[in-house]
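> Just dropping this structure here.
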Amino acid sequence: MIARSKQLIILFDVDGTLTKSRNKIEQNMVDTLKQLCKLHYVGIVGGSDYQKIKDQVGQDVFEMVDFVFTENGLHSFKNGEHFHTQSLNKFVGENHLQKFINFTLLQLSQIQLPIKRGTFIEYRNGMINISPIGRNCSQQERDDFEQYDHQHQIRKQLIEKLENEFKELNFKYSIGGQISFDVFPKGWDKTYCLQFLDEFEKVYFFGDKTFEGGNDHEIYIHERTIGQQVNNPQETIKYLNELFLKN
């Protein structure tokens with residue numbers, strides 16, 4: 001086996017990069033990552049929690065890559081072993097957290113959409129995920145809301161209200177996926193994981209939501225990374241073949 005150099009590590013977003021949004025990883029991506037891991041160090045960074053990312057990419061990929069940063073690195077794993085944790089409620093405080101959640105629920109109740117489902121706010125260890133339509137919607141309903149949101153800017157308008165109301169909390173708001181946005185302390189975006197990668201000279205990052213306000217933007221433009229924007233998993237495979245898997 002070829003000895004891998006710590007000259008570089010390749011990091012991947014999950015949704016829209018390794019998988020279709022909220023879908024399980026496909027076999028052609030698993031096969032590509034398997035080849036890549038033989039040649040280079042590889043990591044995954046996603047906003048979802050441990051179980052969701054593990055379910056999405058599969059046990060084999062979770063164990064195959066060198067680093068997995070769930071919730072942007074607030075739960076971090078190296079070679080399958082957990083080595084770092086941080087939490088939102090400890091950092092912000094329960095009183096501030098409840099005020100934020102209560103205000104958000106009030107705003108959500110006043111938004112009129114073609115349809116609404118359930119689970120509008122999901123508390124995670126390091127962030128709050130807010131979905132105007134509700135996370136319990138079907139894939140078709142997700143697709144429809146994404147198009148509706150493009151036209152009516154539902155998420156963007158709600159973010160503006162929250163930013164104005166809670167300036168003192170110094171929160172960052174990041175649109176990701178099709179139906180929701182994430183809220184977390186500034187600095188707790190995907191760049192959070194970079195503090196654990198000092199041993200590598202170069203960090204390549206592949207992501208789809210690299211536009212300003214997207215949840216890949218900060219790490220994509222960070223001085224420590226070489227960013228590669230992709231639109232879907234097929235493009236990820238294409239660029240990996242061109243950049244790293246040439247014969």
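Including glycine, each Cβ sits where the backbone N, Cα and C put it.
Model, not experiment: these values are computed from the prediction.
Relevant sequence annotations retrieved from TrEMBL are reproduced here:
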- Asp13: active site, nucleophile (ACT_SITE)
- Asp15: active site, proton donor/acceptor (ACT_SITE)
- Asp13, Asp15, Asp208, Tyr220, Thr225: Mg(2+) binding site (BINDING)
- Arg22, Arg124, Arg135, Arg142, Ser180, Asp182: alpha-D-mannose 1-phosphate binding site (BINDING)
> Around the Cβ of Asp15 (active site, proton donor/acceptor), how many other Cβ atoms lie within 10 Å? Please give the count over every shown protein chain.
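Around the Cβ of Asp15 (active site, proton donor/acceptor), 24 other Cβ atoms lie within 10 Å.
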> I'd like to confirm something. Which of the recorded positions, Asp13, Asp208, Tyr220, has a Cα closest to the Cα of Arg142 (alpha-D-mannose 1-phosphate binding site)?
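Given the candidates Asp13, Asp208, Tyr220, the nearest one is Asp208.
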> Taking just the CA atoms, what is the gap between Arg135 (alpha-D-mannose 1-phosphate binding site) and Asp208 (Mg(2+) binding site) in Å?
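Approximately 21 Å lies between the Cα of Arg135 (alpha-D-mannose 1-phosphate binding site) and that of Asp208 (Mg(2+) binding site).
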> For Asp13 (active site, nucleophile), which residues of its chain lie six or more apart in sequence with Cβ-Cβ distance below 8 Å?
Val45, Gly46, Lys190, Phe205, Phe206, Gly207, Asp208, Lys209, Asn215, Asp216
> Could you tell me the C-alpha distance between Arg124 (alpha-D-mannose 1-phosphate binding site) and Asp15 (active site, proton donor/acceptor) in angstrom, no decimals?
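Answer for this pair: 17 Å between alpha carbons.
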> Find the one among the recorded positions Asp15, Tyr220, Thr225 whose C-alpha lies closest to that of Asp182 (alpha-D-mannose 1-phosphate binding site).
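Spatially nearest to Asp182 (alpha-D-mannose 1-phosphate binding site) by Cα position is Asp15.
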> Taking the Cβ of Arg135 (alpha-D-mannose 1-phosphate binding site) as the centre, how many other Cβ atoms fall within a 10 Å radius?
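Step by step: centre on the Cβ of Arg135 (alpha-D-mannose 1-phosphate binding site), count other Cβ atoms within 10 Å, giving 18.
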> For Arg22 (alpha-D-mannose 1-phosphate binding site), write down the residues of its own chain that are at least 6 apart in sequence and whose Cβ falls under 8 Å from its Cβ; none is a fine answer.
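Within the chain, Arg22 (alpha-D-mannose 1-phosphate binding site) has Cβ neighbours under 8 Å at Asp15, Gln56, Gln139, Arg142, Gly177, Gln178.
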